[in-house]
Every structure is written in structure tokens, then in C-alpha cells.
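Here's the structure we're looking at; comments come further down.
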Amino acid sequence: MLHVYSEGKPNPLQDANLCSRVFFWWLNPLFKIGHKRRLEEDDMYTVLPEDRSKHLGEELQGCWDKEVLRAKTDARKPSLTKAIIKCYWRSYLVLGIVTFIEEVIKIIQPIFLGKIIDYFEKYDPTDSAALYETYGYAFVLTACTLILAILHHLYFYHVQCAGMRLRVAMCHMIYRKALRLSNVAMGKTTTGQIVNLLSNDVNKFDQVTIFLHFLWAGPLQAIAVTGLLWMEIGISCLAGMAVLVILLPLQSCFGKLFSYFRSKTATFTDIRIRTMNEVITGIRIIKMYAWEKSFAELITSFRRKEIAKILRSSYLRGMNLASFFIASKIIVFVTFTTYVLLGNVITASRVFVAMTLYGAVRVTVTLFFPSAIERVSEAVVSIRRIQDLQLLENGDLTVIGDRGTTLSGGQKARVNLARAVYQDADIYLLDDPLSAVDAEVSRHLFELCICQTLHEKITILVTHQLQYLKAASQILIVKDGEMVQKGTYTEFLKSGVDFGSLLKKENEETEQSPVPGTPTLRNRTFSESSVWSQQSSRLSLKDGTPEGQDTENAQVTLSEESRSEGNIGLKAYKNYFTAGAHWLIIIFLILLNIIAQVAYVLQDWWLSYWANEQSALNVTVNGKENVTEKLDLNWYLGIYSGLTVATVLFGIVRALLVFYVLVNSSQTLHNRMFESILKAPVLFFDRNPIGRILNRFSKDIGHMDDLLPLTFLDFIQSFLQVIGVMGVAVAVIPWISLPLILLIIVFFVLRRYFLETSRDVKRLESTTRSPVFSHLSSSLQGLWTIRAYKAEERFQELFDAHQDLHSEAWFLFLTTSRWFAVRLDAICAIFVTVIAFGSLILAETLDAGQVGLALSYALTLMGMFQWCVRQSAEVENMMISVERVIEYTDLEKEAPWEYQKRPPPSWPHEGVIVFDNVNFTYSLDGPLVLKHLTALIKSGEKVGIVGRTGAGKSSLISALFRLSEPEGKIWIDKILTTEVGLHDLRKKMSIIPQEPVLFTGTMRKNLDPFNEHTDEELWDALKEVQLKEAVEDLPGKMDTELAEAGSNFSVGQRQLVCLARAILRKNRILIIDEATANVDLRTDELIQKKIREKFAHCTVLTIAHRLNTIIDSDKIMVLDSGRLKEYDEPYVLLQNRDSLFYKMVQQLGKAEAAALTETAKQVYFKRNYPAITHNGHVVMNVSNGQPSALTIFETAL
């Protein structure tokens, strides 16, 4: 996993010369590879040393630590913003100089444009000096265009790198903090929140650095432009600037509102992702309980609230974008209306100089400046959220659940123990690692691992397995968090502590006290089976699964995340749009866009036509040039006003409609995906890590909610602008279509060449991001283990390695985009050059208005064209998110939840279960985990299911619940389970699972998600399981919100909640899946007692490792390697010394084995020969030499 630090491809940027850096030539080899084949992770260049996650994180962490100290001395709250500024201001300041040069050139350009148009207005074919001078202006104009192209992209590349560094450093800090959170602090935050910080909030840093410099460059440029305009058109310019000034506070107001909605949206997104995380984590339980609908309603309600906020912020964004589209129109309109009303005469040079100057200032003031405000306000929200996390107190121990989907409980326990032993520590704290495994493995682990391997170490073993107490040098009895007694085993026996009765008989074997220094192991002869177990357990710890063993869990291999290749299909676009609106609305939207653009161009064309008409009048009156005749002002101004209003209206309506359709589409696809996920078989969740599924719901849906609609609208606007520019150019100088066609061909070839690589880079960026989330998610869930093993450093290094791998992809994403953009702007610069020099060559046939319109449009093409193409690529890249979501809307489905033909409501009233030649596998290509299983479980029978770890015990339950479809037949009360809907089947069986799962929400929701029971019934159920007091002590009683995954309850209490759920369901069939493996004896006894009381008439199947819990069952099922080896009454099985069950019982040691045999005998005779049992004791013939003995279990500690 740490392959990131292995020597990858060296980064060519390190040795690149100046020319190569300016034009990004150093990337050419990568594009050649991308052209030949699909790019892989090995093709990415290693991260530059200054961009490594460890280096960046530690640098920012240092600044933050200093800021915290400084804040302490100044008695104020520390500010993360100050720490960030302190860390990065120097490198960022240098980039401000580039911004300054760029903005100066933008202002110079219109002046030279004016000079060229001026030449056409005063056109004199005989004045060659003026012509050469104008050629000079044309040369400067095109040179400025080229310099702008180069500077602009160098600047953008560097600011984006700065953003990346800030994001990586922040992620490092968030992860570092997450590893150190205290228990109290963990209660104040959730996994969902931290994942959201890492998936959404930190992305704001990538964007904030881009526009930050425009906060000062914008106002400066506005002042300079006002000065130049004053010289050009006098006081009228103030009218235009006034519009700009009015637009600014309007936009900053939008920005503030946007920030407000964003923080509201973030809260809902947090809750939705947190709940999604729980759903995916607990999907097995949700399916067994048939609770999918309850969670669907929950997620849908969160999503509805989230979408409502997203729509509002989207409309704001739409208005913002539309105002950019419209601003220049309104400004020019107001300026020239004022200009002509003040009695001035319109001329082409004035119109187009003013238009171009306004254009320059408009981009900065109405796009970059508001973007800066919006991004800063977003970043401030994110910084505040991250700062809250950073200020939470650190701690040492905290308890959070664990993962390991594809391992059975026993395998997890063994891996855990192996991990502990591998640490080679001096002190070992073992928290009941033996409960989750069967008796044979338990004894094996205890003797070989705990007593032998760790014999020279201090070992503290918390256990409910009393048979091992004898080997302990000190015993501590704890009750309700307090020490009750302490002493050695012998001392306890003498003092007659109640657990002594369990093991007293074992003392019949005289045992020498162990010699110091030797392992305290009891003398014992190994049976054949236990020797085999010894070897196989060693194998399974070291080499995974030996042949024919543990097949139950050999079924699942995690598939690699798919990344689709080639173009995004038209089908994806079709599905995306039609998910958002009816196709009639989509056709209307297309027409609306075209009309808006036509109005946009017509407004400018009308001004140039007006100027031409005016200049034609100026020339020809009586041969005297100084006489100026006025045009019909009302006519020209009226049409101009009409076109302006049309442009504004269409622009706004179009923007809002696009957002409405696309956000709607995101909502629809999210719902489809979620529904599809809920109906997917359990195998899907075993094969796909949580991070991968969550990524679809956080990152991809985030893109579709937020970025894709914005990018899409931006692309449509700029695309139509580009088409408008070309149309105008061709209309003015028809022959320009020749070089234009050539440039278009070059462009398409270039774009195709670029996309071959860019698409792969983007997909690599997506797939290298998933491990970052998976690592964070699993770290948060194994936090307690990480700290116990002092593995924080190792996990931090792993996280940095994942980050660096992602940075490699991100770095390529930034640089390849710039490589393309520089080349696109070069094409535009050539286009400007062709128009500038072409119009001079054809000076005789052109008038000033036409040249002005064509040239000023060509200049706007500079930023616009490459922006349009990049947005088109961006849309395509983001459509990958849509593709990934659509991929999950059509997953393989389980059988339907309900069929038309439903079983009678009273079914099953008997609870008879028949297995008829059942084979079971988790996947079509997986191994059989149950083989030819045939068994009859009668009504009301209590059946214990035993077997080694991985024998197929849990698979039997999976087959019964149809978590995967079994072969063969399973009947419940004469109805085939495959002929009823899954919910009808699953709702009729209650399960108490091995790992108790509680969900965030109220205790009421956890017991009764469908509100089917009265309060009285709920309190009764809690009373039955002795949780009533615990719940009454909660602040809101049953309506108290539980902590994430119910972590404010102990494992035992959570198991009791599961028992309460089973009691409430009142089903005829109860399945207990090793439910008492992880609880103390008292809770175990309570659970057993309640099961015997409450489920006396029910059919009960119990999977157990503790044989004492199932020794009084009606029958015992012994499974081995997926086959049913033995199935009979416990006492009958114990009479056969060759039976597997007999051997299992003997594994427990003599005293325990004798006690269990005696209990089995009592139960057997009581059930089969009630007449010959007397007062609960079996009356036996003593002549056979067997005493009538009964050991009493006293386990209520």
C-alpha cells in the first residue's frame, strides 16, 4: 500500500527549462503515452518534494501550534485563518505581481484597438504613413494578446498549485487531529462530519486561491478604466460605472446569501452522509430486519431538505452567472444612451473602445471579484468548521466500532490477537478475544498463544470463559465498574467463591504448582482432532484459508474500482437530462438559449450599424465635413432599448431554468441510486468497500448538486458566445472563413489529442481519491485499536501516502489543463492577428463599425474560447460522476420485497422449518459454503447450531433469510421461502445478531422504526430486558438522540436492545447468531432466561460458541465445512464418543464437560421419560457404577 514512496517516474518539471515551463512542453511525453494507450498509476510523475503531504502538513501544523500559543498569551480564540496566512503569504504575494501586469495589458489593448478603428473612420487610401502606423498598432495589439495568453496560464497554474498545497496540508491536519480526538470530543463530532470535511470542505481551498488577488486588482482596474473612459467619452462613462457599482453590492449580497445557504446545506449533507454511512455499515442487519423502507424515508427526508437549500443557492448562482452575461450589455446601453441624450454623436471608435474597456473591467469586476467574495465566504465557513474540529480536546482512548465485513466474528478475533502478538509489547491487554471463537479454537488460542507465546509478558485477560481462570496468577472480579475481589485461583476455591463450583471437579487431577519461568499450562493429552486444529489454526493465522476450511468466508474478494474508458456516451447525457425534466421542457430550453444569444449579438450589431449610419451622414453634406446631421434618435434608441431588455430577460430566464432542470436531475438520480443500493444483495456490500459506495453519495452527488449545473450553464453561455463571435467575423470579412476553418480543424485535432490523456488523468484522480476516504473512514472506526497499538504514526504515514498518490493525479490534472489552454489561446491569438491584418489589407471594402465589431469580438474570444473548451472538457469530466451514479442506479437486485401473492398474515403459525438438499454460495462463482444440507426443525423446537469457525453456521442463517439465493428448497410451514417476497419472509423471523447494531436516531426509532407499537409495549419490552432504568435516565427518555452507532451504550446493552426488538416482533421463529459471545455472564444469563420465557412456544435456532447456552436444546446441529455432520438430541450425541459434538464438549476440560453432560442427561430424561425423573433429579440404577450427580451452574456474577 505504501508503493507511493517507491521510486516512481521522476517529475520532469524539476529539470525543465524556462521555455518548457512557459509552454508546458515537459508534458509532451505524457500526452504521447496517453495517445497510444490508457494511462495507469505508474505513468504518473512523483510528487515534487515541496508538495509532499507530510512536508506541507507539518509546516501548517507548526503555524497552527504557534497561533494556539499566541492566542493563549493574548487571551483570545486562536484563528486558523491567521495560521494559514502566516504560512503562505510570501509565496502567494509574488503571484500578485503577475496579476498586476496582466490587468495592465488588458487596459492597453482597447487603446490600440481604438487607433485601428480610428484609421478606418478617417480612411484615406493615399495616406500610406497612416497605414504603416496602423500596422504597428495591429502588431502591438496581437503581441499583447500573445503575452496575455502566456501570463494568464502561468498565473493560474501557480495559484491552483497553491490551492492544492493548502488543501493537502489541511487534510493532513484533519486526519492527524482525528487520530487524537478524546472520547468527549468524539461525542461532539461524527464520522460523517469528518468525512464531509475531507470530501467537500477542503475542496474550497482549491478554488479560493484562484481569485483571491482580484479582491484588490478589481477595484484598481476599475479606477484606471474610468480614467481612460473619461478621456474617451467624457462624463457619460460615469453612468456605465454607476451600473457596475450597483451590480457589485448586489453580487456581494448574493455571495453572503449563498454562504448562508451553503452552511445550511452542509449541515444536511453531513447528516445524510452520516446516515448513509450507517446504512451501508449495517446493511446486513437492515436487510434481516426488513427495515429498508424506514431508512429510505429517513434519507429521502434529509435529501429533500438538502435539495431545497441547494436549489435556492443554485438560483443565486444562476443570477450571478446571468448578471455576468448581461452586465456588459446594460453598462454599454446606459453609457451610450446617456452619451447620445447629452447631445453627443456616436462614432465607431468610441463605441468599441468603450465596449472593450468595459469588457476588460467587467470580467474582473463582475466575475473574478464576486467569485473571490463567494469563494472567500465559502472558505471561511469551511475554515470555521475545520477550526472547530482542531479545537476539540485530544485524548488517548476512545471506543468506536470496527470493520472487517468479510471475516466471521471468530476470524476477526484471531486476526486481532495475531496483530497484538505481532506487536511484541511488554504488557498485553486482551479484551475477551476468546468469546467469538468456538471451544476448540478458544482452548488452542489460550494455550498456544496466551500461555505459551506470551508467557514472559505481563498479560491482563478480560474474559467470561471461567475454565481458564486456573492458569491465571491473579484473578480480579469486577462488577458494575468496581473491584469485588482479588486473589489467586486457590484462594478463591478456599473462600468458596461461586464460580468455584464450575471448576471444582477439575481439581481431582492433582496438579503440581508450576515452576517459575515455565508457562502455566495444564497437563493435557492432545486428541487427534485438536492436533489437526493446532496446525490448521497456525496456518489460518499465517497463510489465510487452508483447503477445505473456513469456506464460509472465502467467498468475497474486493473488486477493484471500475473506471470507465473512452467518451462519455450520449446515453449518459440523455439519462441525465431526462431525469431532470420532460423532453418538451428540454426542447424549450434549447430554443430559449438560441434566442438569448441572437438578442445578445443583435444588440451590439445595432450599435455598430447606428455608428456607421451616423458617420455616413457626417461626410457627405455639401462637401463640408464640419456639418453634422442628426439621425432619428427615437427610432435608433427605441430598437436599441428593446434589444437590451430582450437580452436581459432571456439571459436570466435561461440561467434559472438550466439550474432547475439539472438540480432536479441530481435529486432524481440520487433517489434512484439509493433505491438501487437498498435492493442490492449483501454480496455487493461485501465486494465494495464503504469508501467506494460513500464516494458516490458524497463526492459524485456533491458534484451533481453543486458544480455540474454551474459548469454546464457556463459552458452553454460561452459556447454560444464563441459561435456568435465567429458568425460576426465571417459576416464582416467573408474570406476569413478559410483560415477559420483551418483553425477549427487544428482545434478539433488538438482537443481530441488532449482528451485522450485528460480523461484518463481525471479518472485516475477519481480512483486515487477513494483510498483517502476509505483510509479515513476505517481509521475512525478502528481508532481505539490504532491508539492501543500506538500505530498513529504508521497510519498517518499511510494517509500521507494516499494523499501523495492523489496529489500526483491532481498535479497532472492541473498541468495538462494548462498545456491545452496555452495552445488554445495561441489559436485565438492567430485568429485576432488574421482579423487585424486582414481588415487592414481589405481597408477599402470595410467600414469602421464592421471592423470594430469583428475585432472587439475577436478580442473577447481570447479568454472566452479556451474557457468554453475547458468548460466543455470539465462538463465531460464531471459527467463521469453522473456515469458513476447511473452505474449504481442499475445494480443487480435481490428478489422483490413483496409478491402479488402474499402469505397469510398469520404465517408462520407453526414455525416448522424444512431444509431440503440446500446448497448455498454467496456468489455465482464462489465456493459452496453449505453442501447438500437436509434437516427438519419441528414446531417450537430449540436447535443449537455448533461447528468450528467458518463451518457454515452463519451461512445457514443467510440461506434462511435469503441474503443470497439458496439452491434446493427451504420450507417454512409448508410455504417455500423462495415463493414469498423478501420482506414478507424476513419480517416473520426475528434475529438477535452477533454484532449488535444501533443506528443514530432515537431509542424509539431503534426499537420500532415503523411506529407499529404503543409506548406501553416499548417500555414493557425495555423492562423485560432490564434496560428500562437506563433509558429512563436519558435526558429525553425514549426520544433521546443516540450517539453515532449507539456508542453511548455498552456492547451488552446494545445486545439487550436487539433482544427487545425480537420480543416486540412476536414472531414464531427466532434466530440467535452467537448473540452472547461478547457479553458478560450476567447479561448472557439474562438473555438466555428471557429467550426461554418469551420464546417458549417459538422455534429457536441458536448459533453458539459457549456450549452451556445450547446444551439444554431439543437438538444440536453440528456443521463442518458446510456439511451437516450430526443432528440429534445433545445427550444422544454425547453417548457417541466418536461424535464431533462429544469432542467439542471434552475440549472444555473435565469438570465443565461432566457438568454439561449431566445437564444434557437431565433435559433428555425430562423430555423423553418424565415418569422416571423425580424432583428434577434422574433416578438411576446405581449398580452401573455411575453416581447420580448434578452440577449446579451459578453464573450470576
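Backbone N, Cα and C define each Cβ position, glycine as well.
Automated prediction, rather than curation, is the source of TrEMBL annotations.
According to TrEMBL:
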- 92-114: transmembrane segment (TRANSMEM)
- 93-377: domain 'ABC transmembrane type-1' (DOMAIN)
- 134-157: transmembrane segment (TRANSMEM)
- 208-227: transmembrane segment (TRANSMEM)
- 233-254: transmembrane segment (TRANSMEM)
- 248-505: domain 'ABC transporter' (DOMAIN)
- 321-342: transmembrane segment (TRANSMEM)
- 348-369: transmembrane segment (TRANSMEM)
- 528-539: compositional bias 'Low complexity' (COMPBIAS)
- 528-560: region 'Disordered' (REGION)
- 581-602: transmembrane segment (TRANSMEM)
- 587-877: domain 'ABC transmembrane type-1' (DOMAIN)
- 639-663: transmembrane segment (TRANSMEM)
- 707-729: transmembrane segment (TRANSMEM)
- 735-754: transmembrane segment (TRANSMEM)
- 820-842: transmembrane segment (TRANSMEM)
- 848-869: transmembrane segment (TRANSMEM)
- 913-1146: domain 'ABC transporter' (DOMAIN)
Chain residues outside the transmembrane segment (820-842) and at least six past its termini with a C-beta under 8 angstroms from it: 23-24, 116, 119-120, 131, 134-135, 138, 141-142, 145-146, 148-150, 152-153, 156, 729, 732-733, 735-736, 739-740, 743, 746-747, 750-751, 754, 758, 851, 854-855, 858-859, 861-863, 865-866, 869-870, 873
Proximity verdict for the transmembrane segment (208-227) and the transmembrane segment (92-114), three or more C-beta pairs under 8 Å: yes
Same-chain residue ranges lying at least 6 outside the transmembrane segment (735-754) that approach it to Cβ under 8 Å: 31, 35, 726, 729, 816, 819-820, 823-824, 827, 830-831, 834-835, 838, 869, 873
The domain 'ABC transporter' (248-505) [mean pLDDT, rounded to integer]: 78
